[in-house]
Amino acid sequence: MPFHEEDLDEAETTYFRSLTAAEAEGDERAVEAALRPRTLDEVVGQVRVRDQLGLVLEAARRRGRAPDHVLLSGPPGLGKTTLAMIIATEMSTPLRLTSGPAITHAGDLAAILSGMNEGDVLFVDEIHRMSRPAEEMLYMAMEDFRVDVVIGKGPGATAIPLEIPPFTLVGATTRAGLLPGPLRDRFGFTAHLEYYEPHELDLIVHRSAALLGVDVVDDGTAEIASRSRGTPRIANRLLRRVRDYAQVRADGVVTLAVAHAALEMYEVDQLGLDRLDRAVLDALCRRFGGGPVGISTLAVAVGEERETVEEVAEPFLVRNGFLARTPRGRVATPAAWEHLGLTVPPAPAPLAAEGTLFGE
Ligand SMILES: Nc1ncnc2c1ncn2[C@@H]1O[C@H](COP(=O)(O)OP(=O)(O)OP(=O)(O)O)[C@@H](O)[C@H]1O
Ligand SMILES: [Mg+2]
């Protein structure tokens with residue numbers, strides 16, 4: 001199927017600020033769909049997960065049975081939805097798609113489950129956000145391929161057992177820790193996706209460039225890869241922005257110089273920090289002496305919503321050791337001071353010394 005990216009470009013709503021945000025926004029999903037690997041063989045990286053999943057699926061195929069339920073966990077943009085779709089493709093079965101927040105009542109789930117055919121794959125995205133009653137119904141469906149549908153209310157209510165053909169549940173979550181134990185235990189296979197290595201992201205950028213018809217040279221893609229925060233979604237997004245720059249300001253080829261200039265213009269630095277990330281660190285170090293400072297105060301200081309700072313900037317800063325969350329507030333690490341080109345302040349006096357302040 002030829003892919004006309006021009007059709008999607010206009011709809012794309014990526015703001016500069018969210019260039020390195022982990023989540024996909026709005027119509028970016030359409031672009032993503034076009035870049036998704038379709039089979040396990042096309043998946044770049046995640047070697048262990050790929051091998052293990054390949055085995056699970058092959059064994060199920062040979063037995064002629066639906067594979068065990070699969071839980072995919074890991075940070076946004078690493079390939080959970082992609083793998084869920086691949087599972088259905090590899091099993092040559094339809095994929096039914098829903099998400100935790102969409103299932104507000106157990107009845108919603110019952111309706112979905114009762115419409116399934118043998119061997120179907122049911123993908124529940126954000127499975128940690130399902131309601132409690134739905135979750136309990138899901139336990140039963142996963143284990144016994146049966147649910148109790150409650151008809152009526154109060155003392156007259158009756159539960160009608162409903163058989164469900166064997167299916168495969170694929171759950172995805174960015175927060176595996178939030179899943180209740182009984183639910184987690186009912187998955188026969190759990191895959192935890194890890195951040196990608198730069199050379200893997202480089203392969204992904206090459207692959208996407210080929211699909212989008214963008215001319216690239218090796219050090220240009222390597223530059224994009226190294227600023228992508230270990231995340232394929234971000235790598236693909238940066239590629240598209242660098243491509244824009246290459247087409248408007250250069251001869252269309254993504255070279256090292258073009259990638260450099262473009263990413264500088266979009267304010268994505270060598271380590272993948274963007275303007276918001278740096279603003280947060282800057283406020284933390286320069287205005288609050290490195291902290292501790294509360295997240296709300298920090299958000300006001302950078303002129304952003306608290307949620308944006310907490311969900312977009314902070315996870316990356318914490319993961320890369322620039323910022324620490326402490327019970328008293330956010331604290332800048334020495335790496336943060338260094339990254340901003342500031343002198344690291346001397347370590348705070350130990351507690352014993354604090355005591356002497358009060359003449360003890
Ligand atoms: N292993 C991979 N190889 C190549 N491209 C990948 C790979 N994993 C992800 N991608 C690309 O990254 C994009 C985002 O992946 P995907 O939507 O599967 O992430 P996700 O884990 O479901 O994220 P979210 O938690 O936000 O739902 C996809 O469009 C796909 O093109
Ligand atoms: Mg997803």
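Heads up, residue numbers simply count up from 1 along the chain you see.
The backbone N, Cα and C atoms fix where each Cβ goes, glycine too.
Summarising the annotation, TrEMBL assigns ATP binding site to L35, R36, G77, K80, T81, T82, E143, D144, F145, R186, Y196, R233. Within 10 Å of the Cβ of G77 (ATP binding site) there are 27 other Cβ atoms, across all protein chains.
Per TrEMBL, the feature domain 'AAA+ ATPase' maps to 66-197.
DSSP classifies T81 (ATP binding site) as helix under the three-state reduction. Around T81 (ATP binding site), the same-chain residues at least 6 positions away in sequence with a Cβ under 8 Å from its Cβ are R36, F123, D125, A172. For T81, the entry in TrEMBL reads Mg(2+) binding site.
If you look up TrEMBL, you'll see 197-267 marked as region 'Small ATPAse domain (RuvB-S)'.
Among the features that TrEMBL reports, region 'Head domain (RuvB-H)' is placed at 270-360. Helix, strand and coil residue tallies for the region 'Head domain (RuvB-H)' (270-360), in that order: 48 helix, 9 strand, 34 coil [DSSP].
Within 10 Å of the C-beta of R330 (DNA binding site) we count 26 further C-beta atoms, all protein chains included. Positions annotated as DNA binding site by TrEMBL: R306, R325, R330.
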- Task: Please report the number of other Cβ atoms within 10 Å of the Cβ of R306 (DNA binding site).
- Result: 14
- Could you check what DSSP calls F145 (ATP binding site) once collapsed to helix, strand or coil? coil
- Roughly how wide, in whole Å, is the group L35, R36, G77, K80, T81, T82, E143, D144, F145, R186, Y196, R233 that binds ATP, by largest Cα to Cα distance? 37
- Task: Would you mind reading off the Cα separation of G77 (ATP binding site) from R330 (DNA binding site), to the nearest angstrom?
- Result: 26
- Task: By CA-CA distance, flag whichever of R306, R325, R330 among the binding-site residues is nearest to Y196 (ATP binding site).
- Result: R325
- Task: Just give me the nearest neighbour of L35 (ATP binding site) among the binding-site residues R306, R325, R330, Cα to Cα.
- Result: R306
